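K.L.:
Mind having a look at this structure? Questions to follow.
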């Protein structure tokens, strides 16, 4: 049964990622007063399959001066981590019910940095290396904020277990009392997934394509798939943390429907932001984190620590 659940999770995740690419192209098209892809299949619905077929049937070219092992390992690692991150998410039941689910997600997502750094260094290209260094600095910096925000939320729920977060939010979504944290979390997830306006690692006008410039065909597709799977995963995590869905025991499918709708709305907001906002300058990106987000999150962490003590209400113990 576990193997079947794992296969279903992988297949549904890949299907969601494939159609997210189509939704993004359609949404960007309509926001720029054009149609977007509409040739392959009815209304362009088969476009993701055409893209996959084209990418995976091309010959993968490797630069002669690249480091072969790291060059091949990097995209495989990125894709594996993107799949692994889904295991503890409650949808409505997690594949593996970790007591430290949030800690597992935070630790595993940090490993993505290695795949980006390896790909940039192994490509033996200045553009790729600069893109990789930018991405690593950005992701490591914003993980500081994500960790502190998660710590504040954990002090409210009293557990690292994602199911306990849903129990905590049975009567009130955490986005209402913790809206400053939710806003900073959402902005940090944009930076963590390297999306507009924080897509400095693949600034087309400066770095052509960033860390994956020397990749083509299948390996490039693996990076591309990992990026879009991380976007959906981050929004699913945001839904669990701040928009916790009540779990009705009489009809569990209501949980899944509600969870999916909220995740889709947040993902659509990601795409809308890409169409609406220009790219940040690198110094603005770092100033936003170290001069604005970090002091604010530390202050709110102190608030989350002191308030339960002040009003004599400890969080639920597991």
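A Cβ is built for glycine as well, from the same backbone N, Cα and C atoms used for every other residue.
Keep in mind the model is a prediction, meaning the values are calculated, not measured.
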K.L.:
When you get a sec, could you say which of 3-23, 24-44 is annotated transmembrane segment by Swiss-Prot?
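P.N.:
Matching range for transmembrane segment: 3-23.
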K.L.:
For the annotation transmembrane segment in Swiss-Prot, which listed range does it cover: 69-89, 195-215?
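P.N.:
From Swiss-Prot, the annotated transmembrane segment range turns out to be 69-89.
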K.L.:
Need a quick answer: max count of Cβ pairs under 8 Å to the transmembrane segment (69-89), which of 3-23, 135-155, 217-237, 294-314 is it?
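P.N.:
Counting Cβ pairs under 8 Å, the winner is 217-237.
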K.L.:
Near the transmembrane segment (294-314), which same-chain residues lie under 8 Å Cβ to Cβ, leaving out any that are not at least 6 residues past its ends?
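P.N.:
Residues 144-145, 148-149, 151-153, 155-156, 158, 178, 180-181, 184 contact the transmembrane segment (294-314) from elsewhere in the chain.
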K.L.:
So what's near the transmembrane segment (217-237) in sequence-distant terms, Cβ-Cβ under 8 Å and 6+ beyond its ends?
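P.N.:
13-14, 16-17, 20-21, 52, 55-56, 58-61, 71-72, 74-76, 78-79, 81-83, 85-86, 89, 91, 105, 109, 112, 115, 119, 189, 192-195, 259, 263, 266-267, 270.
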